[in-house]
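*Asks:* Can you keep this structure in mind? I'll have questions shortly.
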Amino acid sequence: MANLRKTHPLLKIANDALVDLPAPSNISAWWNFGSLLGLCLGAQLVTGIFLAMHYTADIATAFSSVAHICRDVNFGWLIRNMHANGASFFFICIYLHVGRGLYYGSYLYKETWNIGVVLLLLVMMTAFVGYVLPWGQMSFWGATVITNLLSAVPYVGNTLVQWIWGGFSVDNATLTRFFAFHFLLPFIIAAVTVLHLLFLHETGSNNPAGLNSDADKIPFHPYFSYKDLLGFAIMLLALTSLALFTPNYLGDPDNFTPANPLVTPPHIKPEWYFLFAYAILRSIPNKLGGVLALLASILVLMLVPFLHTSKQRSLTFRPISQFIFWALVANVLILTWIGGMPVEHPYIIIGQIASLLYFSIFLVLFPMAGWLENKLLALNCSSSSALERRSCKPDAGG
């Protein structure tokens, strides 16, 4: 009798995705982040639904309802802290996952990559509307500043802003709709994640060497299912440690003050995971230019597959591109630091240089480095012996 997991219509789908999935034998811990993101999404959905049972989306009671959750609901303080800090871990995993994709050339699976960029935008949107819900000072002013950016859209800008606000300022209607969006979007993210996996399983996973691994595949279970469990344990340990010992470490003190439209906080800034994009937005003096740069900072990822010039897929054997990649990582960290700083000298000029370098790396330096490495490879091959020349025809990976 055939195994039920291989014949049952529903179990067969799960089996092909999680049990008998052929995976390259050499994928490293950097390939853990996909499953960690699935764990993050699941944890955020569960904690979020429990919070929604006690939260009230009304400007008169929203702030009090969050305080009520932390004080009066059984383990409400834990659920709230796990949800707030879970968002930070979600973004840590996303940025590491994207970084892995850039380093190892996973972006050459164009459909999977582009759906991943859409997922990143959806998660950023969800986190933004979620940050507004506690209705503290930074929630209110963050919502005001970011939604106001839409007024830069020519001709329809002001109408668009008032349409999103549901009035002439950020008010009750805004909070109600943001709660509706924050509840709905994670389910859309879950659906798009299924698409992301569907396209990934059409091609199979990439690997650190960037080579076709069809000749050397092993089943996902038990090898990588157990390997992923170690990642789960490490992440959950880190998340619970943060949520239990320093739950407000990554938050903003201004958000412990109820929203007041008459008092502007001295420095309006988003959560730490948006600071790099916020720094790019602020580095351009023109409002419309800033909004376009903000969008471009994420959408530039969609251009990466088309700007791949190297004959090799991953950066494993490409030292020049490796240097540029780590320069990009350092640059994003500098932008994150600048995003949290006031708009004054020398932070303005540092932010502008870092923003210019950010786009230069993606649009100019990476393609040039790939082209240069091809030339160096050809030069090396032309001076090699006939036997060595046989291995001088690299493929961009399978």
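Each residue, glycine too, has its Cβ placed from N, Cα and C.
Pulled these features from Swiss-Prot for this protein:
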BINDING   H83, H182  heme b b562 binding site
BINDING   H97, H196  heme b b566 binding site
BINDING   H201  ubiquinone binding site
TRANSMEM  33-53  transmembrane segment
TRANSMEM  77-98  transmembrane segment
TRANSMEM  113-133  transmembrane segment
TRANSMEM  178-198  transmembrane segment
TRANSMEM  226-246  transmembrane segment
TRANSMEM  288-308  transmembrane segment
TRANSMEM  320-340  transmembrane segment
TRANSMEM  347-367  transmembrane segment
*Asks:* Return only the integer: C-alpha distance in Å from H97 (heme b b566 binding site) to H182 (heme b b562 binding site).
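*Replies:* If we compare the Cα positions of H97 (heme b b566 binding site) and H182 (heme b b562 binding site), the gap is 23 Å.
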*Asks:* Check the transmembrane segment (178-198) against each of 33-53, 226-246, 320-340, 347-367 and return whichever range has the most CB pairs under 8 Å.
*Replies:* 33-53
*Asks:* State the non-local partners of the transmembrane segment (77-98) in its own chain: residues 6+ outside its ends, Cβ under 8 Å from one of its Cβ atoms.
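*Replies:* Distant contacts of the transmembrane segment (77-98): 30, 33-34, 36-37, 40-41, 43-44, 47-48, 50-51, 66, 69-71, 116, 120, 123, 127, 130, 235, 238-240, 242-244, 247, 250-251, 271-273, 301.
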*Asks:* Which one, 33-53, 288-308, 320-340, has the most C-beta pairs under 8 Å toward the transmembrane segment (347-367)?
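*Replies:* By the under-8 Å Cβ criterion, the transmembrane segment (347-367) pairs most with 320-340.
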*Asks:* 10 Å Cβ neighbour count around H83 (heme b b562 binding site)?
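*Replies:* Result for H83 (heme b b562 binding site): 20 neighbouring Cβ atoms inside 10 Å.
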*Asks:* The transmembrane segment (113-133): which same-chain residues, six or more beyond its ends, come within Cβ distance under 8 Å?
*Replies:* 55, 57, 62, 66, 87, 90-91, 94, 97-98, 101, 106-107, 139-140, 142-143, 146, 174-175, 178-179, 181-182, 185-186, 188-189, 192-193, 195-196, 199, 270-271, 273-274, 298-299, 301-302, 304-305
*Asks:* Which one of these binding-site residues, H97, H201, has the sparsest Cβ neighbourhood, judged by other Cβ atoms within 10 angstroms?
*Replies:* H201
*Asks:* Rounded to an integer, what is the Cα-Cα distance in Å between H83 (heme b b562 binding site) and H196 (heme b b566 binding site)?
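*Replies:* Here the two Cα atoms lie 24 Å apart.
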*Asks:* To the nearest Å, how far is the Cα of H201 (ubiquinone binding site) from the Cα of H182 (heme b b562 binding site)?
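*Replies:* With distance taken Cα to Cα, H182 (heme b b562 binding site) is 29 Å from H201 (ubiquinone binding site).
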*Asks:* Output, ordered by sequence, the same-chain residues six or more apart from H196 (heme b b566 binding site) with a CB under 8 Å from its CB, or 'none'.
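*Replies:* The list for H196 (heme b b566 binding site) reads T112, I115, G116, L119, given in order along the sequence.
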*Asks:* When a 10 Å sphere is centred on the Cβ of H182 (heme b b562 binding site), how many other Cβ atoms does it contain?
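*Replies:* Result for H182 (heme b b562 binding site): 22 other Cβ atoms within 10 Å.
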*Asks:* Please classify the secondary structure at H83 (heme b b562 binding site) using three-state DSSP.
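*Replies:* The residue in question, H83 (heme b b562 binding site), is helix (DSSP, three-state).
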*Asks:* Would you mind listing the long-range same-chain contacts of the transmembrane segment (320-340), meaning Cβ under 8 Å and 6+ residues beyond its ends?
*Replies:* 99, 102-103, 269-270, 272, 274-280, 282, 310, 347, 350-351, 354-355, 357-358, 361-362, 365-366, 369-370, 372-373
